[in-house]
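In what follows, a single structure is set out as structure tokens and then discussed.
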Amino acid sequence: MTTPHSQAQPGLPIDPHPDEYKVAALVFYSCIFIIGLFVNVTALWVFSCTTKKRTTVTVYMMNVALLDLVFIMSLPFRMLYYAKGEWPFGEYFCRILGALTVFYPSIALWLLAFISADRYMAIVQPKYAKELKNTCKAVMACVGVWIMTLTTTIPLLLLYEDPDTASSTPPTCLKISDIIYLKAINALNFTRLIFFFLIPLFIMIGCYLVIIHSLLHGKTSKLKPKVKEKSIRIIITLMVQVLVCFMPFHICFAFLMLGGDENSYNPWGAFTTFLMNLSTCLDVILYYIVSKQFQARVISVMLYRNYLRSVRRKSFRSGSLRSLSNINSEML
């Protein structure tokens, strides 16, 4: 299916996105924006303002929520692009949002690796439990990852082989749709795959294997059952999030780089990008497990909504009864 904007014009780039993709992207990003904004604003407020005793996990969660919000705030521009069928915000802003597509999972995976290492310390090395309260080291680790990721993302703003040219009619921003355009700089991309996917992935796998071995062989008998249960829930949540959201994205990324030179719409690239973006909402499970304050906030919001519904029902019923009594009085 083609649109007026996707019809070929001599000498001009073609917008390769089907109408079905644009509709799906609009619906998907609208849901992600609404849910993700509420969840992560609440989480950032809870972890930064209401948590009295901060630990290393609290620091990591604050960074996860902040990273999610940075990414979520770019979604309205994507939605407007798909709705209008053209890019009205200029070439450089398009490059920034395209770079953000790779910037987000790079930091997210390292933060998940930090949380995994934290749970390793809590379960396997409880004698170093004091280190879990050393928030200064956690802050330094997070700052280091942000700086390292920014440094390796800046070259994406300087692409010399750009699918979106200034003469495109209508203006396009193919870079935010999927990751196929990144094949122009494969040397940097393979380096990014190693440092921002494989290394944090191996850290997580190593931590999980040692934790499982310790649990199976009874080497964690000194730990409280609640600590074990909480750590196991965190580990399961992290594993599911990595397997569902980040693994397909990076596998597709690698195959696209090893593929041919054709720079066209790739449904798998777009689909795995959707899955990666879904992580901004799935973090709510992690927040809920880690923080009792976040649990209380979510429960209070749900109770307040139930209260409003009950008030509306009562007002509706009372209004109906009043109208019936008025009708009866008029008939009499």
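Including glycine, each Cβ sits where the backbone N, Cα and C put it.
Keep in mind that what you see is a predicted model, and the values were worked out from it rather than measured.
Quick look at what Swiss-Prot annotates:
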type	residues	note
TOPO_DOM	1-26	topological domain 'Extracellular'
TRANSMEM	27-47	transmembrane segment
TOPO_DOM	48-56	topological domain 'Cytoplasmic'
TRANSMEM	57-77	transmembrane segment
TOPO_DOM	78-95	topological domain 'Extracellular'
DISULFID	Cys94-Cys173	disulfide bond
TRANSMEM	96-116	transmembrane segment
TOPO_DOM	117-138	topological domain 'Cytoplasmic'
TRANSMEM	139-159	transmembrane segment
TOPO_DOM	160-192	topological domain 'Extracellular'
CARBOHYD	Asn189	N-linked glycosylation site
TRANSMEM	193-213	transmembrane segment
TOPO_DOM	214-233	topological domain 'Cytoplasmic'
TRANSMEM	234-254	transmembrane segment
TOPO_DOM	255-269	topological domain 'Extracellular'
TRANSMEM	270-290	transmembrane segment
TOPO_DOM	291-332	topological domain 'Cytoplasmic'
MOD_RES	Ser323	phosphoserine
For the topological domain 'Cytoplasmic' (48-56), sequence-distant contacts whose Cβ falls under 8 Å of one of its Cβ atoms, 6 or more beyond its ends: 62, 114, 118, 131-135, 137-138, 291, 293, 297
Assigned element (helix, strand, coil) containing Cys94 (disulfide bond), judged by DSSP: helix
Asn189 (N-linked glycosylation site) and Cys94 (disulfide bond), Cα-Cα, nearest whole angstrom: 19
Model confidence over the topological domain 'Extracellular' (1-26), averaged pLDDT: 58
Cβ atoms near Cys173 (disulfide bond) (within 10 Å, other residues, all chains): 24
Feature contact check the transmembrane segment (27-47) with the transmembrane segment (96-116), CB under 8 Å, 3 or more pairs: no
Leading contact stretch, 57-77, 234-254, 270-290 vs the transmembrane segment (139-159) - CB distance under 8 Å: 57-77
Residues in the topological domain 'Cytoplasmic' (48-56) grouped by DSSP into helix, strand and remaining coil: 4 helix, 0 strand, 5 coil
Contacting positions for the topological domain 'Cytoplasmic' (117-138) when only residues 6+ beyond its ends and CB under 8 Å are counted: 54-60, 203, 207, 210-211, 214-215, 219-220, 222-223, 227-228, 231, 234-235
Residues from the same chain, set at least six apart from the ends of the transmembrane segment (193-213), whose C-beta lies under 8 A from its own: 105-106, 109-110, 112-113, 116-117, 119-120, 123-124, 148-149, 152, 219, 231, 235, 238-239, 242, 246, 250, 253-254
